[in-house]
């Protein structure tokens, strides 16, 4: 194919650019061979003349078609070159936000500098088990591929992660390890995977630091081998480290930090345990303040320290060793603060008692003077003598720093060794996966020994990488049997030879280090002499004699020779090391004791990194001198050795490559710097992979994929039945150069650019087809338009001509009509004129004749009338005279009579007027008269009382007067006898005068009081009038408030209805959440029980099976026991056959600690389950109670109104009493006739004043209450219910009528309102008290229930123990005692939570009791082991005997055996629906009916649920016999047997479905015949007679319900396991609508083909499987509601798995795939309609998938489209919508990509949406299941037992 065919007009190319590296342009003119200039048009709109290189004449690189841009694999690109790779990575990283891309076998990972939600456990589960090409690129896909190849090929694997600092190597390695830990799990209970992950924070703290490029840069390389056993579960790990950067301990550049551990220590210095370290702020230490950046933004060093310590604890590093580590690290910090003072140029000293050195010596446990001496001196040894020489200040500082680095390196090695010991496993390692986290190629302005070692290691890794890539290419070609030639690729072996061969750079460096006076300059000269001008890869800088240049595979690097020798020698003063070895601190000498042995292959570098080598298994024996010599191996030699070991390890494994790219140097999120990216791509070997792939046949298609893609380029005659031959024929026509492609066995191989050429041909063909289609359609449309116009013209002409003809005909008709009209009109005019004239003549004649006749008649008439007039006049005159006379007489009579009538009328008027006035006055005065009469009566009564009082006072006065008179007489008689008494008389007279004066004063005071009383009376009357006015105002306000209340009632009705609906929904959600939590707890409980059974079985196998390599038993299904059955009973049920032969058989020994843990956990789960069940019941009761309250509200409202009316009547009576008292008060005040009575000191006066005061206070109080209640009434809305409008209106009218009848309306209304409010408050208090009482009652019922359960459990245990043999009885009692102690322990733990001392004493006593029990149990276990062995021997013998007996029995004997006639029905007997069996036949019943029953035969031939009916009929008979032991034993055996069956055949859908159906039916039977009214509504009278009479099996119903839940969850797991392999293939990959989606080119990672091959699943496969599930469940008689729940769960699994794969597969996000998905979903909906399951809620579970498919198909351009998408995709989260838009990929050139601005618009519109940030749906989610009660109409007495079940030993009753 010539270049002129590709470089045509409008072809797009890449041209170099100094800023953007590569820039896109478009050809404006076809290229012709020989052209030296290309006319290009740049994307920014400029035109450019591009001059070709005159020497090479290379044309610019061609751009790939747009549909290939953004592919998952770079090798899928047709044009493989640097600009295509760079552009593809940029588009994926910037536009699609995808950080991972495949490049052949390499995963390119670009650091996003942002947390992405793509590493969760849901993502891990999505990638687990998937092929690498089926999912989008991810680190998890690489890890899964390594794990899968390890298991499939049984070959060790390696994942090599490399890249620059800050590219994300450590994070990628960490995620790979996390994937292995999550997917594989550990092989023991030691949680090895957690320990492997826990090693990361430790190694990061001691080996990572902040650099200018990365905040968490790994300053060492590490290779972690994760070990797996034969089942490929993690058993341990081992770590090897390389090139620790020790120089960072003593020096940090600007904006950098030391290792994290130092800053973590300083941040935690205030902790009490760290006080002894005497640390402070990081700025106080020389080793941590040099960088000037001690804090990393967003990182809390104190918290990180806690995580580090926690990880150390998890890995088994004790607290003492941890404190030892921190002590050494703190000593290093204090050592860095040691200062030196110069005495002269060659010596220095340390100040006396130097504090940093004192602290260092105290922490290290060494002598201060000795350390101070050797820090300032060194020892020189010659052949004869040893000298101690002082050193200068600079040398001392360097020696101090070297010592610090050496200590840190040793500590680093010690920690690595301890981590490896913690991760070491005693189990033999079967295979391993290694994760290599190593530095990438480095080049800086100044490159030294560290960069040299790093680049040397990268040269070795690149060589291994190139060989592996070449090997894979070769294997692929040989596999496909195509001819291939040696691919020319860059081999960096010459560069490696330059470094490591004899007389290479490392050899010359080691040789120079051995020279006594070797320097960097002499070494540089040796390099120049040896390699300059001899090796093309070695160069010398022009302006330097102390540097050299090496041409590496990535770039040229200039190394400075200064410091190479010092770093390679690794010099540390031995005297300082000896001082440290003599330390009293035990841990410090441990760091240096293995220097000679080199346990950890690390030696120190004075200013570099620490290379590690693997320790030899057997150290070589030699002389001490040899050991010292080995100890002094150079760093370069050790690094070369460790690198060779690493390469041997990698070569022995299958490598997987991860290349991490740093997109920019500023750590900006999702910012792509093309220059930096290209530099790293060149350095990490990605472009070399592309070059190797491009040199061969990079594009590869299977024949079927090629045919599907390029079918449009073939003619019908070219299509043959043989796809391979078809493709060959077509390619020979399309591509003439046969070297451009090769045909393999299954694939076609293309050279680079050929796929683009084919795509161009395909696009041209499609474009030509489109043009042809457009041409045809446009011609067809125009012809249709012409035909429509012609037809319209003809129609118009027809209608016009018809219109004209009709107009002419109309004209003719009008002309003829006009003529006729004229004729008739003229005739009419003439005739009319004639008639007028004739009529006029006749009229004249008639008038004339009439005139003459009238004249004659009038003459005759006058004469006749004259006669009559005369007669009349004469008669009138006579009558007139008579009438006048009579009128005069009558007039006189009338006048007289009128006079008399007027007189009589006047009298009557006077009488009537007086009576009416009297009536009017009487009407107004009646009330007054009555009131006055009442007042008169009351005054008369008062007057009589006062008169009586006055008469009494007069009598008293008269008696006193008589006494005075008698005294006066006595005095007069004794005047003569006692003249002395004269003065006394005078004094008495004076006193009388005083009394008179007092009397007058009292009278005056009385007048004042009377005036005051009158004034008070007026004020009172004024107050009463004011109150009346206020009463009227209050009435008005009351009416207004009533109106407002009515309005508020209407508003509240609406709000209450809305609230009720919302609360109902919330209650339903809460109920589902509670059910889900309960079922999850039940699932956890079953998992623990399953684990317990597995451990028990493993222990049994360990005891009886001595072979070590046994297989693990299937423990994927539940085998839970009910809470009433103990483990001893489990053992009994499993060993029933052996017990019948050997009654003394007992169970296998158990691990008591594990058993106690499990027992405790089971108890906790039981308690949680009970609590959850109580809460669930309480929620349901609340729902029912709320519904009942809603129904009772109208009744409550009516009762409230009646209660208020009664209260109103009582208030009226009280008001009347108050009014009477007020009237009495007024009367008392108005009374003036008795001044003595109303005196201020009189008791009557006080009583009246008190009454008046109380009445006024009462009125004030009532007034205030009215105001308060009026304000409260506005805000009171809760008391008004929605349905009370009518009642309120009627009540208000009744109240108004009542109030109108009252006299004092204001007071009554106020009192009524107050009483009504009081009534409401009292009612609310009553309801709150009622609720509290109900809560207390529920709590008491719960306690009673728990006590009942405990009592029943104790009774059951007692009954069970009585049936056991003596030895088993002892064991059961021990188990019971352990359980009781565990429960008691939990109870006392809660009881003594506040008093730890009591709890501690209780625990001690409990432990003693447990120890005694364990000793007894151990004794029992010993006897069990002996009996087990004996039992095995006996069992074998018995088995042999039975076989021999069966062989001796002839067939005739078997036939002649009598058959028990059990199944013959007796029609004459009235059966009671019960089955009778003997106690010893129970195990036989369970075995035949459950353990050995085949569901398929029962489901086809017998009635559904027959085993459940039989079991219930047996339970009925035991209940009839009142045998509680038999009932309990049968139910327990049934439950345990069902669990055994499900554990044994738990993967069989029919078995699980069968027993789920029968368990539910058994549960329904227990409810239907329980005797409870709620379950007996649908029973017949005969069925009600069959109810249980003696036992309440509610507890067993709960156990069966839990068992049904477990079976349902197991059924869902079986469904998921069956459907999961079908879903992705059938719903996504298979093309249900053929030809809609085209197959795009793929790279090396081949996807699963969408073409339906044999063995691939299609949508029909899924539908057939769904039909199979549905038919099986219907055959088993499963409840319809339960079938709906199963179908809903199935559809949720289908939708979740499909959507999750869609979100993780870029190749599936296209318009055509959306159409396929919608079609597939419509087929599923059609299946639901056929099965009448549309109301099951299954369709709603597919809503996220439907919306995702719609999202792929809708327009995605404008803001209106964004709004439509946001409103449409309400079932998808924001993350899912954005992910789909980012992944959207056009399959054809006619589709367009989604712009970044549109995606940002979507994100802005959805930023307020509150949804889960999780990307994937939880495919493992199981909806909470419910079992609605479904009674059976089948009569128990009609059930027949078929003989096929083998139940002849039971009989119907």
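Backbone N, Cα and C atoms are what each Cβ position is placed from, and that goes for glycine too.
For 8-60, the entry in TrEMBL reads domain 'Myosin N-terminal SH3-like'.
According to TrEMBL, the domain 'Myosin motor' annotation covers 69-763.
Per TrEMBL, the feature ATP binding site maps to 163, 164, 165, 166, 167, 168, 169, 170. Long-range Cβ neighbours of residue 164 (ATP binding site) (same chain, at least 6 residues apart, Cβ-Cβ under 8 Å): 213, 440, 441, 442, 660, 662, 680, 683.
The region 'Disordered' feature in TrEMBL is assigned to 598-631.
Annotated compositional bias 'Polar residues' per TrEMBL: 600-613, in sequence order.
When the region 'Actin-binding' (643-665) is classified with DSSP, helix, strand and coil residues number 9 helix, 8 strand, 6 coil. Residues annotated as region 'Actin-binding' in TrEMBL: 643-665.
Under the heading coiled coil, TrEMBL lists 915-1098 (among others). Confidence for the coiled coil (915-1098), expressed as mean pLDDT, is 79.
Per TrEMBL, the feature coiled coil maps to 1155-1231 (among others).
The feature coiled coil is assigned by TrEMBL to 1323-1364 (among others).
Look at TrEMBL and you will find 1410-1437 (among others) tagged as coiled coil.
Marked as domain 'Dilute' by TrEMBL: 1532-1808.
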> Which one, from the binding-site residues 163, 166, 168, has the smallest tally of other C-beta atoms lying within 10 Å of its C-beta?
Replying inline: 166
> Once 163, 164, 165, 166, 167, 168, 169, 170 are set aside, which residues in the chain still have Cβ within 8 Å of the Cβ centroid of the ATP site?
Replying inline: 111, 214, 217, 218, 440, 660, 662
>> Based on DSSP, tally up the residues of the domain 'Myosin N-terminal SH3-like' (8-60) by helix, strand and coil.
In response: 0 helix, 24 strand, 29 coil
>> So if I draw a 10 Å sphere around the Cβ of residue 169 (ATP binding site), how many other Cβ atoms end up inside it?
In response: 27
> When a 10 Å sphere is centred on the Cβ of residue 167 (ATP binding site), how many other Cβ atoms does it contain?
Replying inline: 25
>> Please identify, from the binding-site residues 165, 170, the residue with the sparsest Cβ neighbourhood, meaning fewest other Cβ atoms within 10 angstroms.
In response: 165
